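Undergrad: Sharing a structure with you now.
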Amino acid sequence: MIKILGIESSCDDTAVSIITENREILSNIIISQNTEHAVFGGVVPEIAARSHLSNLDKALKNVLKESNTKLTEISAIAATSGPGLIGGVIVGSMFARSLSSAFKKPFIAINHLEGHALTARLTDNIPYPYLLLLASGGHCQFVAVLGLGKYKILGSTIDDAIGEAFDKVAKMLNLAFPGGPEIEKRAKLGDPHKYKFPKPIINSGNCNMSFSGLKTAVRTLIMSLKELNDAVINDIAASFQFTIGEILSSKVQDAIIAYERVVNDYYENIDYTTQLNLKSFRQDEFKEEPAEHTKVREHRLYPQNSLGSSFLNDAIVIAGGVAANKYLQEILSNCAKTYGYQLIYPPIRLCTDNAAMIAYAGLERYNNKLFTPLNFCPKARWSLEDISK
């Protein structure tokens, strides 16, 4: 049986996981560093890297024990090798490469964003292509996921990442770290229409987003208030979260149009034999019947010929830590339905940083014999579009 060991250390969570060729997660250990960073109100890179050093060995031992697996039984070792806080990325990558060298197992360098991008294939049996909204503490972008290593960024934030905005607003409101869950919790108790915040570049006509102006508006409001009591905090949290939902919803239609255009162009530019092989692959890729939401739909926003319709799915995937926000899940789900799509999101435990997604990305690359030399240099910045370069 094929077993892939995954290692994740790109930010403040130390994670190790083992999955099988059947996409079964045998073990998925995450050691959080929230306590170490809470006093600073954010992640301190030096502390994070040192914690990874002490946590990785412990996490590996726990995963091997829980999965009843020996290192000699591992087929390949996949590790996040960028993008992220470079100290932590180096620690995890070196740990993985040391194991690879010692046990003579293939090493697979994984782009952290690709891990998030492919999580829906691990959990929801989604074939390529699909539209992805990657929303996390470090990124916010719409991506056309065309195939393994084939990604087209349709639009992204031009300033702050969406998760960063959540964390910084939470800090302004004196809420605990990490801020995203705290904002969501407080928002349930507040009035989302109490304060009207700006929605930057909402009518730009493209898929780019901006959250810096929204964050500044919240800070300006807080500074103007005489008192920041619980009721006010709840209302600000609710109004902020509501505005985020409005921004994302307004961009979904732009993203769908761009996605459908990209899919159409992509398949028009490949030869006919490859088209037939891809159609066959999409039918036979998984042993079980594809989920209902992965089947081809006829309606689309972007008028195109019949070629693209053979490949176009009706799934919008949201991944990354912000995907765990249930309010945004509901808002975006309703928005997707308006345009004939269905929103797919991983279970909460796989929304935030984890090693199961890294192991799964490793599995796809293992199956395609895409291995990485041990002298690979970890990267602090690594775009999805540059993976195959």
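Including glycine, each Cβ sits where the backbone N, Cα and C put it.
Residues annotated as Fe cation binding site in Swiss-Prot, with sequence analysis given as evidence: His112, His116, Asp353. Sequence annotations record features per position, and here Swiss-Prot assigns substrate binding site to Leu134, Ala135, Ser136, Gly137, Gly138, Asp167, Gly180, Asn325.
Each of these features: where is it, how hidden is it, and who are its neighbours?
TA: His116 (Fe cation binding site) falls within a helical segment according to DSSP.
Secondary structure at Asn325 (substrate binding site), as computed by DSSP, is coil. Long-range neighbours of Asn325 (substrate binding site) (same chain, six or more residues apart, CB within less than 8 Å of its CB): Gly180, Glu184, Gln241.
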Undergrad: Do any of His112, His116, Asp353 (binding-site residues) have a CA within 10 A of Leu134 (substrate binding site), and if so which?
TA: His116
Undergrad: Report the residues of the chain - excluding His112, His116, Asp353 - with C-beta within 8 Å of the mean position of the site's C-beta atoms, for the recorded Fe cation site, in sequence order.
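TA: In sequence order, the nearby non-listed residues are Glu8, Ser10, Thr80, Leu113, Gly115, Ser136, Gly320, Asn354, Met357, Ile358.
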Undergrad: How many other Cβ atoms are found within 10 Å of the Cβ atom of His116 (Fe cation binding site), counting all protein chains shown?
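TA: Around His116 (Fe cation binding site), other Cβ atoms within 10 Å: 31.
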Undergrad: So, in DSSP terms, is Ala135 (substrate binding site) helix, strand, or coil?
TA: strand
Undergrad: Near Asp353 (Fe cation binding site), which binding-site residues out of Ala135, Ser136, Asp167 have their CA within 10 Å?
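TA: So far as Cα distances go, the binding-site residues lying within 10 Å of Asp353 (Fe cation binding site) are Ser136.
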Undergrad: Taking the Cβ of His112 (Fe cation binding site) as reference, which residues of that chain separated by at least 6 in sequence fall under 8 Å from it?
TA: Glu8, Ser10, Thr80, Gly82, Pro83, Gly84, Asp353, Ile358, Trp382
